[in-house]
């Protein structure tokens with residue numbers, strides 16, 4: 001079962017990725033983790049990637065595709081894998097297809113921008129422990145204070161509304177076109193494309209995924 005997850009930051013992909021991994025026993029493949037592992041292992045691709053990164057440049061699609069192919073050939077991917085955060089662009093998706101990487105399911109988590117802004121800009125964190133709250137969905141007992149220590153809660157820079165909106169803009173420019181790409185792939189019978197309403201409660205989304213993935 002080879003799965004690609006699509007959806008804006010804050011759409012709930014991470015939560016459902018955990019559910020899918022546990023239920024189906026397949027690993028989640030993150031390009032960041034792969035890059036770090038390849039650099040640490042000193043593989044040829046890893047050394048190439050390190051040279052590019054040390055020069056302050058972006059790692060090319062060719063190197064990333066090479067890493068993906070290396071990674072999915074490992075024994076723990078025998079029953080499938082879950083790709084999150086890759087491919088991000090149509091050239092990456094095309095290169096993956098050209099490299100013979102088959103995708104069984106593309107799952108798009110659809111959540112309106114304003115809902116994502118509400119979700120992410122409402123997060124509050126206790127710096128000392130990492131405990132996370134939400135002003136709407138999971139408020140602390142005392143506004144702005146950690147339940148355990150009573151210390152102040154902070155907003156992470158990533159969760160500031162302006163940052164969230166910038167990340168959404170990048171997603172719509174770069175990654176949203178993949179929806180069209182994989183839609184066509186599904187029409188051609190090369191994959192199954194499923195759009196999921198990410199505004200549903202978490203357990204409802206998990207149940208829907210269980211029905212889709214079997």
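From the backbone N, Cα and C atoms, a Cβ is placed for every residue, glycine too.
Among the candidates 2, 123, 192, the residue that Swiss-Prot annotates alongside 10, 11, 12, 13, 14, 15, 132, 133, 200 as binding ATP is 123. Neighbour counts of Cβ atoms within 10 Å were taken for the binding-site residues 10, 12, 14; the minimum is at 14. With the fewest other C-beta atoms within 10 Å around its C-beta, 156 stands out among the binding-site residues 88, 123, 156.
For the AMP site, whose annotated binding residues are 31, 36, 57, 58, 59, 85, 86, 87, 88, 92, 156, 167, the maximal Cα to Cα separation is 30 Å.
Following the DSSP three-state reduction, the secondary structure of residue 31 (AMP binding site) is helix.
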